[in-house]
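A.B. asks: Quick paste of what Swiss-Prot says about this protein:
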BINDING   LEU119, GLY123, HIS124, LEU125, GLU243  (6S)-5,6,7,8-tetrahydrofolate binding site
SITE      HIS227  site 'Plays an important role in substrate specificity'
MOD_RES   LYS228  N6-(pyridoxal phosphate)lysine
Amino acid sequence: MDIGAIKGVDPEVFEIIMQEALRQQEGLELIASENTTSRAVMAAQGSVLTNKYAEGYPSKRYYGGCAMVDRAETLAIDRARELFKAEYANVQPHSGSTANMAAYFSVIKPGDTVLAMDLSHGGHLTHGSPVSFSGRLFNFVHYGLSGETEMIDMDEVAALAEKHRPKLIVAGASAYPRIIDFKAFSDIARSVNALFMVDMAHIAGLVAAGVHPSPVPHADIVTTTTHKTLRGPRGGLILSSNEIGPKISSQIFPGIQGGPLMHVIAAKAVALKEALSPSFAQYQRQVVANAATLADALMDRGMKLVSNGTDNHLMLLNLTHNGISGKDAENRLGAAGITVNKNAVPNDPRGPMITSGIRIGTPLVTTRGMGETEMDLVAELITQALEAPATAETVREKVRSLCAQFPLYKDDTTRG
């Protein structure tokens with residue numbers, strides 16, 4: 001997208017954008033929650049729709065002149081419902097956290113008990129962390145991973161549900177590399193007369209393509225972001241039934257948000273159309289294949305992975321026995337042009353700003369066009385950067401060479 005208009009008005013911001021574009025182009029982005037949107041998605045976000053205020057919902061706005069943005073939002077809603085086979089969709093949440101807040105407020109009250117995954121075992125801040133609104137407003141009880149398999153302990157989930165009788169059970173994670181059994185969660189929720197919610201922010205693209213089981217047939221509410229594996233703009237989305245839907249709508253507006261971001265909603269519509277295409281399904285299959293290959297290649301080089309592998313787009317490296325922290329690993333890899341994030345591992349003795357692990361994902365490198373052959377090389381580069389930090393510049397040159405073969409945008413009009 002041509003951003004040359006910025007240069008004459010604000011050269012400092014223009015230079016920041018140019019430097020970030022160069023960083024993304026020349027580096028290996030392996031943060032599991034990051035991806036690269038299409039030019040069409042970016043163009044929608046930079047369109048004249050950013051000028052329009054549109055409080056309310058299609059055909060029920062508090063402002064005039066909303067005919068075109070009504071059409072854009074309706075397209076996004078219809079495409080979300082079609083893609084995920086849901087009765088109801090709300091495309092207005094500004095983020096996944098906002099979507100979760102609205103979902104909670106729709107079906108539970110402050111002080112109610114909720115059962116969700118522990119953050120230190122792979123959950124999310126909005127699943128009851130004490131530093132989040134969720135942990136402050138609701139009584140969260142947490143389940144975790146089996147010490148033996150490092151997978152979700154469904155026996156523990158059932159026992160905690162029976163003991164605490166929560167009003168809501170939440171499944172979904174920010175750092176869990178295995179398939180989640182949504183039906184088993186749903187059965188447990190029904191057994192204690194609880195509602196069931198799924199936060200599928202990380203796996204929405206996989207679900208859309210059918211490479212991960214869908215939570216929609218089993219959950220009362222499903223929330224997600226629209227970026228990550230879905231490869232759209234940064235934002236949120238809520239799916240539910242026609243029965244619960246009106247409660248969600250009123251919590252989003254006027255309960256939590258005011259004016260929706262119509263330029264972002266239009267970009268969501270574009271991304272959802274892309275996600276309905278056969279090429280998107282093939283992309284998601286490659287994401288999973290790349291993750292499996294990368295995981296195996298890392299383990300072949302002596303790395304320890306939580307649960308000994310992956311079923312989805314991400315993996316967790318446990319560095320407890322490597323003599324380095326997650327923070328050190330993030331810095332070593334960063335010096336070599338490889339971007340990851342430090343991440344807690346089960347029973348991590350280190351704090352959240354240090355950690356004993358790193359999280360790695362394949363969505364963005366797959367968007368670049370890389371396949372299984374490249375994943376073996378990526379594993380070698382990761383291993384070298386971690387074990388021989390003095391060779392960082394050598395690794396960085398190899399990273400640049402690899403990335404040059406798989407450019408993010410083949411024409412460089414981002415440079416204005």
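Positions of Cβ are set from backbone N, Cα and C atoms, glycine also.
Help me see these features in their spatial surroundings.
C.D. replies: Remark: LEU119 ((6S)-5,6,7,8-tetrahydrofolate binding site) has LEU125, HIS127, GLY128, SER129, HIS142, ALA344 as non-local neighbours, by Cβ distance under 8 Å and separation of at least 6 in sequence.
The C-beta environment of HIS227 (site 'Plays an important role in substrate specificity'), restricted to residues of the same chain at least 6 apart in sequence and closer than 8 Å, consists of SER33, GLU34, ASN35, THR37, PRO233, ARG234, GLY235.
Following the DSSP three-state reduction, the secondary structure of LYS228 (N6-(pyridoxal phosphate)lysine) is helix.
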A.B. asks: Just how many other Cβ atoms lie inside 10 Å of the Cβ on GLU243 ((6S)-5,6,7,8-tetrahydrofolate binding site)?
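C.D. replies: So the Cβ neighbour count for GLU243 ((6S)-5,6,7,8-tetrahydrofolate binding site) comes to 10.
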A.B. asks: Same chain only, sequence gap of 6 or more: which residues have a CB within under 8 Å of the CB of GLY123 ((6S)-5,6,7,8-tetrahydrofolate binding site)?
C.D. replies: ALA116, MET117, SER129, HIS142, GLY172, ALA173, SER174
A.B. asks: Sorry to bug you, but what's the C-alpha spacing from HIS124 ((6S)-5,6,7,8-tetrahydrofolate binding site) to LYS228 (N6-(pyridoxal phosphate)lysine), rounded to the closest Å?
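C.D. replies: Rounded to a whole number, the Cα-Cα distance is 15 Å.
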A.B. asks: Checking the spread of the (6S)-5,6,7,8-tetrahydrofolate site as listed (LEU119, GLY123, HIS124, LEU125, GLU243): what is the longest Cα-Cα distance, in whole Å?
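C.D. replies: Taking every pair among LEU119, GLY123, HIS124, LEU125, GLU243, the longest Cα gap is 31 Å.
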A.B. asks: Could you list the residues of the same chain, at least six apart in sequence, whose Cβ is under 8 A from the Cβ of HIS124 ((6S)-5,6,7,8-tetrahydrofolate binding site)?
C.D. replies: ASN100, MET117, GLY172, ALA173, SER174, ASP199, ALA201
